[in-house]
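TrEMBL lists 532-541 with the feature compositional bias 'Basic and acidic residues'. Residues or ranges marked as compositional bias 'Basic residues' by TrEMBL: 542-551. Look at TrEMBL and you will find 532-556 tagged as region 'Disordered'. For 71-93, 105-127, 139-158, 208-227, 233-253, 307-330, 336-356, 388-407, 427-446, 467-490, 496-521, the entry in TrEMBL reads transmembrane segment.
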Amino acid sequence: MSEQLTASANAHERSHLLLTSTSTSYITPNDESTRNHARCILLSTAATRLGSRTWEFATPLLLLEWSPGSLAAPATLGLTCALFRTVVSPLLGHRADSQWTRMSTVWVGTSMQAFGCLLSVGALFVWNSLSQSQMSRLLSLSIVIVAGVIESLGAQLASNAVKKEWVPIVFDEDNNFTREQQSNVGSRQKHQSITLSFMNTTMTNIDLISAIFGPVLAGWILVAFAGEDGLQKGFAAIALINAVSFIPEILLLRKVYKSCPALQMKHCKEERIENTTNDADKEVNQNPWVIWYHHPSGLQALTASIALLYMTALSPAGVVLTAYLVTIGLSPTTIGALRGIGAVAGVFGISLFSMFRKCSDSNDSSTETEAVRTASVKSIERLRRVSLGFLLLEVVSVLVAAIAYSFCNTIYHSTPQPFTGAQDKSIFIWQLVFLGAIVVSRAGLYSFDVGLLEIEQYLVDERWRNAVASVEGSLCAVAEMCMYVLSIAVPNPDQFGYQVGISATAVSLSGVFFGVFLCMYHMHGHSHYEESVGHSHDHSHSHGHSHHNHTHTLQQERELKSNDYHIHLHRHTSYQKFTWLNK
């Protein structure tokens, strides 16, 4: 009997390659349709991101109309938006998963963005129509803040829907290719050059390029309306252009939705796996935070690692660092150049990320075993290695920036002014190291973000992608609020070292949490034997065990429906003392 079980397990290990069963939820696309989908999604991303970047740049300038000479209004907007993203975004994400179609989710998100832009124009109308008293000032400011909150919530909802749900469904190789087609394709790259990784890196690069040219475009528009009330007219034009940019986005995404049957399926209600043991499947109406907390595969550690990266003041585009650089005498031109160089560093880092990943692919191809010949398993394993390297680059760069700031601050405060030529040169060098390290950290940050995004696209249960993404966004917003609150509590530029120290600590903790994920969650093949058919759990196959040892996502349950062998990440039994991370 033991020999039969061993033979059966080995047969499963040789034959079942973790390929998703040919469910009717997925229709195999051809190369031309995939390229069309890619073009539509990328064009829609370019249109909306450029418009959003111009609006984000112009909004703080408009708020100065109601708080001249003070950063109180922009800081209030930032804090309010972060607070509402923390509280409301998970509810919107859960509703998107449980009640709305995927097209409806995008409609809601883009409509909220457009309404927020138009509402801000309405605030200008209120300000100019009423007598410019203190009451009208507060009313107009409140309307702009409400508009900013609505736009922020809509932007996060629409972005999460496209990046974390649409893209993995349309371009996931395991889901879009049947077993027979996978074997026929052989070593040829599926979807030609249009892969999940390509879409993720290209969409991130579009965002970075928009971050470079968006403020430039906004500046041109504001200059074009220079004169009396030029700022208000220019901002109104930017808001209207941004609102109009959502029309092509909707049309392009609707074209993808209509031509991709997989997007029209909602698994939360339509698809159920018989004999499932996944608790999330039994509790459809769970709170999104509960869904995130009980999600398998170490998602909690991954989310913590990305959220902690938002608790930093060392961002070239950040309000806190910009304000500090102004106080130490840097010109607006220099600060603008720093923002642009930071975005270019991000694009360069993503290019390096893609190159290293391709090298990893070629190095592993000769040693692959049949048991790991599926795209998702290969991708996660390689992404974990490459992402770790770029996260370390981020950590080291931020620590170097903190050390450089410390040396510069020590020289500045320990030496009586005026400085000698050597002291001026020393301060300049350490400032250059400080700013250079911040720029280099952008390459590590954006590359790690791309890798973690793809890991989550594979790991997150497809029924709850919006809910999980919104919870992650909420945690990132909490981290942002912590830095805002710290900057309000310690506003003196001479005490900027507190922000630097907290930033370095948070980024280092991010590396620790990602290391926890790597150490605690193992990827290996194993078989699940059903007790109902009389199979023993104590057999010679080293990884055979019951379904009840850990939960599965819908993708894994679908795979187990056709065979009892698969490969995935789950809490390893040798790490029982860390069970609090994946209860």
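Here the Cβ of each residue, glycine as well, is placed from N, Cα and C on the backbone.
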Sort out for me which stretch, of 71-93, 105-127, 307-330, 427-446, 467-490, has the most Cβ pairs below 8 angstroms to the transmembrane segment (496-521).
307-330
Seg_contact(the transmembrane segment (208-227), the transmembrane segment (467-490)) with at least 3 CB pairs under 8 angstroms, min sep 6
no
Please tell me whether the transmembrane segment (105-127) and the transmembrane segment (233-253) touch - that is, whether there are at least 3 C-beta pairs under 8 Å between them, with each pair 6 or more apart in sequence.
yes
Between the transmembrane segment (307-330) and the transmembrane segment (467-490), are there three or more C-beta pairs closer than 8 Å, counting only pairs 6 or more apart along the chain?
yes
